[in-house]
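Data block below; observations after.
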Amino acid sequence: MTHSKRWLEEHAKDPYVKRAKKEGYPSRAAYKLLEIHQKYKLFKPSMNVIDLGAAPGGWSQVAKDLVGPKGVVIAIDLLPMQSMLDVIFIQGDFNEPEIFNQLEAIVAKKTLTGQVDLVISDMAPNISGIKNVDQSRSLHLVELAWDCAQKLLARGGTFLVKVFQGPGVDRFLINLRPYFNQVKFLKPSASRSRSSEIYILAGEFLGYNQRV
């Protein structure tokens, strides 16, 4: 069985896919974030959040539901995303200066401090089926997400990012730890068991220029 056929069969039988359709989420990924929030209380009312690689919008929808009407959710992705009530969407590459400047300007306009409380990323590379290639590309996306987060995250804030397990992840964690009081790996039950994806949860940001 090819990788594509196996994925399609699993997708059709996946209880989280069925649940997402029933409950109105654009993807099963919403349940990963909900599970993490239930355990670690990521979101609070009135929080300001950036969702990197947001399409199709499952995480943005969860975030907006949890931060409420006074909270701000800014979603960004290369791909288009269906419009969501009270979610600000930017289509583009946040690594490009023009797009990042647009993101920074929105954060400055919508927040009192020009910073956000939470940066989340469920980004994954286009899957080639070659494990080492996919893992390396995933780690690169994580590094880009962190580069963005460190510029816009408020002190005391939280960074949540997906990565595929493999070479370089432990080194990234070592480099990340000095900037946060808490850093841990997570594997939500909504993640497929055979998937190498894990999440890095880094809490209580010390500030990019204030690391210990």
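Note: Cβ is positioned from N, Cα and C throughout, glycine not excepted.
Lifted from Swiss-Prot, the feature list:
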type	residues	note
BINDING	Gly57, Trp59, Asp77, Asp93, Asp122	S-adenosyl-L-methionine binding site
ACT_SITE	Lys162	active site, proton acceptor
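Between the CA atoms of Asp93 (S-adenosyl-L-methionine binding site) and the residue listed as 'active site, proton acceptor' there is a gap of 18 Å. A distance of 15 Å separates the Cα atom of Asp77 (S-adenosyl-L-methionine binding site) from that of the residue listed as 'active site, proton acceptor'.
The Cβ of the residue listed as 'active site, proton acceptor' lies under 8 Å from the Cβ of Ser121, Asp122, Met123, Ala124, Ser138, Val142, Glu197, Ile198, Tyr199, Ile200, each of these being in the same chain and 6 or more residues away along the sequence. Classification of Asp93 (S-adenosyl-L-methionine binding site) by DSSP places it in coil, neither helical nor stranded. Cβ neighbours within 10 Å of Asp122 (S-adenosyl-L-methionine binding site), excluding its own Cβ and spanning all shown chains: 23.
Around Trp59 (S-adenosyl-L-methionine binding site), a 10 Å sphere centred on its CB holds 28 further CB atoms from the protein chains shown. Each of the binding-site residues Asp77, Asp93 was assessed for Cβ neighbours inside 10 Å, and the highest tally belongs to Asp77. Secondary structure at Asp77 (S-adenosyl-L-methionine binding site), taken from DSSP and collapsed to helix, strand or coil, is strand. When secondary structure is read from DSSP and collapsed to three states, Trp59 (S-adenosyl-L-methionine binding site) falls in the helix class. In the shown protein chains, 24 other C-beta atoms lie within 10 A of the C-beta of Gly57 (S-adenosyl-L-methionine binding site).
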